[in-house]
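Asks: Got a structure here, written out as structure tokens. Questions coming.
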Amino acid sequence: MAQNQRPKSLLDSLGEEIIRILTPVSICMLLVVLLVSILNSSSSLSVTSSIATIAYSETGSDSSWDKFIGALLNSLVFVVVVTVATFILVLFFYLRCTKFLKIYMGFSSFVVLGFMGGEIALFLIEEFSVPVDCITFLVLLFNFAVIGVLAVFMSKMPIIVTQGYLVLIGMLVAYWFTLLPEWTTWVLLVAMALYDLAAVLLPVGPLRLLVELAMSRDEDIPALVYEARPVTHHDSASRPVQRRIWRERQNARLDSEDSSSLNSDLNSTVSIVQSSHNGARIARVEEGQVSERDAELSTPLIDRRMDAQDGMSTESLMLEGMGLGSSGAIKLGLGDFIFYSVLVGRAAMYDFMTVYACYLAIVAGLGITLVLLGLYQKALPALPVSIALGVLFYFLTRFLLEVFIVQCSLNLLMF
């Protein structure tokens, strides 16, 4: 019976995992598309001045080559700043300044929700002529931002509230990125995808160093990440159990302890949480008893002792559990949410058919990334495949639509 409750294959479990991580990503992209559609024609909106446009300010009179070179300079400056900031994050995490990092992340969340969210709320109030006084607006905005910070960084908040605020933070930041000049936006998307690839896969990549440091300490990285609720399979028997593990450096130790642990009681549980900062995943180990919330948010327990009727070896069970099994809790960094949404938001400024094509490309890229993650069982960046497919489908769709429109116009002139 226990055998029937397990996922029969990696692909069976991946379908459930993709749905659980695709739903919030889709909601974030939809909200950005709605904001772009509503506020794009507003005269109060203009191209924002930020670190992404510090090297070059695009104007309509510039040639395409000048815009391309300027966009490259802007993207280079932005990637350098992000790289330096990530290395500083690694340094603070190495020095065990975890409380400082949490305070900084909380302040950043407050700024996004309070200032960015407040300005967008003012645009919407002006667009729909909503009657509200200044004091009421400020009180509601302050409470909204404070509750958001508590929801993201306080462990006793319901998970649905935390997930909702994380999606809102990703949506707000993504919308402001869509206000960048067009050439800068597209070059920046490609540059960030390449940065994500290097930062996660290179031996000296900052995200890889951060993940390896967290794994060596069995700690979580204080970062803005979305946690998908894992799929739970309930076991009727109260048997000694152990959580699934997805960490290569633990495999050798677990295999060496297999023979002794089969004959002794296990007092420790190994908990796995797949997380990312722009796609990177981490794991942690907890000793002792597991609280109700930890049991809810992390992966369900599985029996390490194999019954004869299961017909599976410990090795095959571990291989099943190291991938993105149906009991794994996936964490996706908000950076992935943001740049996925920026792509479809920029597409929404052109045509909704292009939005649909870019959305399908991002979904396909995310699915491919999750499949590769389950097969290779190592940290992989979440941006490159989706961004590459999204950008490709965007320009192909625009080209095909323009060709179709020109062809229809010629046919009408002929008749």
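A Cβ is built for glycine as well, from the same backbone N, Cα and C atoms used for every other residue.
Just so you know, TrEMBL annotations are computer predictions that nobody has curated.
TrEMBL lists these features:
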TRANSMEM  21-39  transmembrane segment
TRANSMEM  68-94  transmembrane segment
TRANSMEM  103-124  transmembrane segment
TRANSMEM  130-153  transmembrane segment
TRANSMEM  160-177  transmembrane segment
TRANSMEM  183-207  transmembrane segment
TRANSMEM  356-376  transmembrane segment
TRANSMEM  382-406  transmembrane segment
Asks: Using a Cβ-Cβ cut-off of under 8 Å, list the residues of the same chain that are 6+ residues beyond the ends of the transmembrane segment (103-124) and lie near it.
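Replies: Apart from its flanks, the transmembrane segment (103-124) reaches 35, 38-39, 42, 44-45, 130, 137, 141-142, 144-146, 148-149, 152-153, 165, 168-169, 172-173, 175-176, 222-224.
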Asks: Does the transmembrane segment (130-153) come close to the transmembrane segment (356-376), meaning at least 3 CB pairs under 8 Å for residues 6 or more apart?
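Replies: Counting Cβ pairs under 8 Å, fewer than 3, so no.
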Asks: Need a quick answer: max count of Cβ pairs under 8 Å to the transmembrane segment (130-153), which of 21-39, 68-94, 160-177, 183-207, 382-406 is it?
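Replies: That would be 160-177.
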Asks: Mind checking which residues of the chain, 6+ beyond the ends of the transmembrane segment (68-94), have their Cβ under 8 Å from one of its Cβ atoms?
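Replies: Distal contacts: 51-58, 62, 100-101, 181, 183-184, 186-188, 190-192, 195, 199, 206-207, 209-210, 213-214, 221-222.
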Asks: What else in the chain is close to the transmembrane segment (183-207), if you only count residues 6 or more beyond its ends and a Cβ gap under 8 Å?
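Replies: Apart from its flanks, the transmembrane segment (183-207) reaches 52-53, 56, 58, 67-68, 70-72, 74-76, 78-79, 82-83, 86-87, 89-90, 177, 277-280, 335, 339, 342-343, 346, 379-384, 387-388, 390-391.
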